[in-house]
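Q: The active site, proton donor feature in Swiss-Prot is assigned to Glu205; the stated evidence is sequence analysis. Residues or ranges marked as active site, proton acceptor in Swiss-Prot (evidence: sequence analysis): Lys338. Among the features that Swiss-Prot reports, (2R)-2-phosphoglycerate binding site is placed at Gln163, Lys338, Arg367, Ser368, Lys389, with the record citing sequence analysis. As annotated by Swiss-Prot, Mg(2+) binding site applies to Asp242, Glu286, Asp313.
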Amino acid sequence: MLTIKDIHALEVMDSRGNPTIQASVILSDNTKASAIVPSGASTGKREALELRDNDKTRFLGKGVLRACENVNSVIKHHLIGLEAINQAFVDERLRALDGTPNYANLGANAVLGVSMALARASAKALNLPLYRYLGGANALTLPVPMLNIINGGTHANNSIDFQEYMIMPLGFESFREALRASTEVYHTLKKLLDGKNQLTSVGDEGGFAPNFSNNVEPLEAISQAIEKAGYKLGEEIALALDVASSELVDENFNYHLKGENKILDSHELVAYYKELVAKYPIVSIEDGLSEDDWEGWAFLSKELGRQIQLVGDDLFVTNASILQKGIEKNIANAILIKPNQIGTISETLETIRLAKHHAYQCVMSHRSGESEDSFIADFAVALNAGEIKTGSTARSERIAKYNRLLEIEHELKGGIYIGKELFKHG
């Protein structure tokens, strides 16, 4: 029986220069694997708790030595000797060890690091790629990338309210061709922005962070870039938004669009989205309303839910019980999947199974604070997620995921790129 022989954690750096955890697991056959935990900038209030040191003398309070110590002591002590390939049992032991619903004791960053490293070590010991170990024989589908090519909100220091303006290359036969087309649009957009004397510095996720005067100008610029790059707007490459509305809302559920000097209530904001969807080929809107504005979400879902994908991120925080509430209320039709929002790989799988059972699309996602770790690329293929958000085709921590997906596509001898079929199954 393959068992856990040793576990340890190290404080390393993420793509924003903040500390994070690298957890390593060694198995009884001396197989070793590691995983680096990501971290978000805009976070949902119901996310699992990321444990930070709050010691202002180190990393401005953002150190993770306490979380590392939890791995190196409590977690290590209780997990050594357990069967490695029984991921669900080990993850349940981690949950019980913490004893809180949001990992407030051990830290979700400590727990997830170990959970990820264990999956990777077990796959390695069995001589299986991670996607095959997690997904079995049915892991064949390459996801449609949602490439964030203009950044705003908390991901960039500019006047754009919406956090992410994305492109989705739907009209292609392979992931490789879809990624190539997206990269050409990205570089074409840079030239267009240069020509308008706009900034082409990049945000946390590799997208450009220009100072447009309102939230529509990025849609115009991206549409121009798609056509100038030689692709059919809406047919080959569509648009998507992550509004991150929880960052814009006040206590009365009024939404402050500072870039446009507007304050809108839920119904007015939904009307604004309807105007945008009518004018531009927007196929997906994420976090269109605040995580607490459930009445607004119900209205948004009623007005646009049959027309486009409505993704809950802060709304659901990868939590099966919260998703169940959304299903019962007919809220949204898709969920963003971020393992560090919930804590372990097994809990993430539970949420995905629930979503798929109720025909909610699943979008595998990175965080704004990332690393060279490409776990989510394998995870997306393992689960036939259909979509992945992992930034632009810039910054090496984003490219690591795309390169891994290219590698997987090659291993699968092409696999299945869902492309145009994505929303036909929704």
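Every residue gets a Cβ built from N, Cα and C, even glycine.
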Q: At a 10 Å cut-off from the C-beta of the residue listed as 'active site, proton acceptor', count the other C-beta atoms across all protein chains.
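A: Result for the residue listed as 'active site, proton acceptor': 25 neighbouring Cβ atoms inside 10 Å.
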Q: Centre the Cβ atoms of Asp242, Glu286, Asp313, go out 8 Å, and tell me which other residues of that chain have a Cβ in range of the Mg(2+) site.
A: Gln163, Glu164, Leu241, Val243, Ala244, Ile285, Asp287, Val311, Gly312, Asp314, Leu336, Lys389
Q: Considering Cα atoms only, can you say which of Glu205, Asp242, Glu286 is the nearest neighbour of Arg367 ((2R)-2-phosphoglycerate binding site) among these recorded positions?
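A: Checking each of Glu205, Asp242, Glu286 against Arg367 ((2R)-2-phosphoglycerate binding site), the shortest Cα distance is to Glu205.
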Q: Of Gln163, Glu205, Lys338, Ser368, Lys389, which is closest to Asp242 (Mg(2+) binding site) if I measure between C-alpha atoms? They're all recorded positions.
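A: The answer is Gln163.
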Q: For Glu286 (Mg(2+) binding site), write down the residues of its own chain that are at least 6 apart in sequence and whose Cβ falls under 8 Å from its Cβ; none is a fine answer.
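A: Correct list: Glu164, Ala240, Leu241, Asp242, Val243, Ala244, Leu310, Val311, Gly312, Asp313, Leu336, Val363.
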Q: How many whole Å apart are the CA atoms of Lys389 ((2R)-2-phosphoglycerate binding site) and the residue listed as 'active site, proton donor'?
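A: Lys389 ((2R)-2-phosphoglycerate binding site) and the residue listed as 'active site, proton donor' have their Cα atoms 10 Å apart.
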Q: So of Gln163, Ser368, which of the binding-site residues has the fewest other Cβ atoms within 10 Å around its own Cβ?
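A: Minimum Cβ neighbour count within 10 Å, taken over the binding-site residues Gln163, Ser368, occurs at Ser368.
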Q: Under DSSP, is Glu286 (Mg(2+) binding site) helix, strand or coil?
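A: The three-state answer is strand.
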Q: If I take the alpha carbons of Lys338 (active site, proton acceptor) and Ser368 ((2R)-2-phosphoglycerate binding site), what is the distance between them in whole Å?
A: 11
Q: Report, in whole Å, the straight Cα-to-Cα distance of the residue listed as 'active site, proton donor' from Ser368 ((2R)-2-phosphoglycerate binding site).
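A: Rounded to the nearest whole number, the Cα-Cα distance is 6 Å.
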Q: Please state how far apart, in Å and to a whole number, the two most distant Cα atoms are among Gln163, Lys338, Arg367, Ser368, Lys389, the recorded (2R)-2-phosphoglycerate-binding residues.
A: 17
Q: How many Å separate the Cα atoms of the residue listed as 'active site, proton donor' and Gln163 ((2R)-2-phosphoglycerate binding site)?
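A: Roughly 11 Å, rounded to the nearest whole number.
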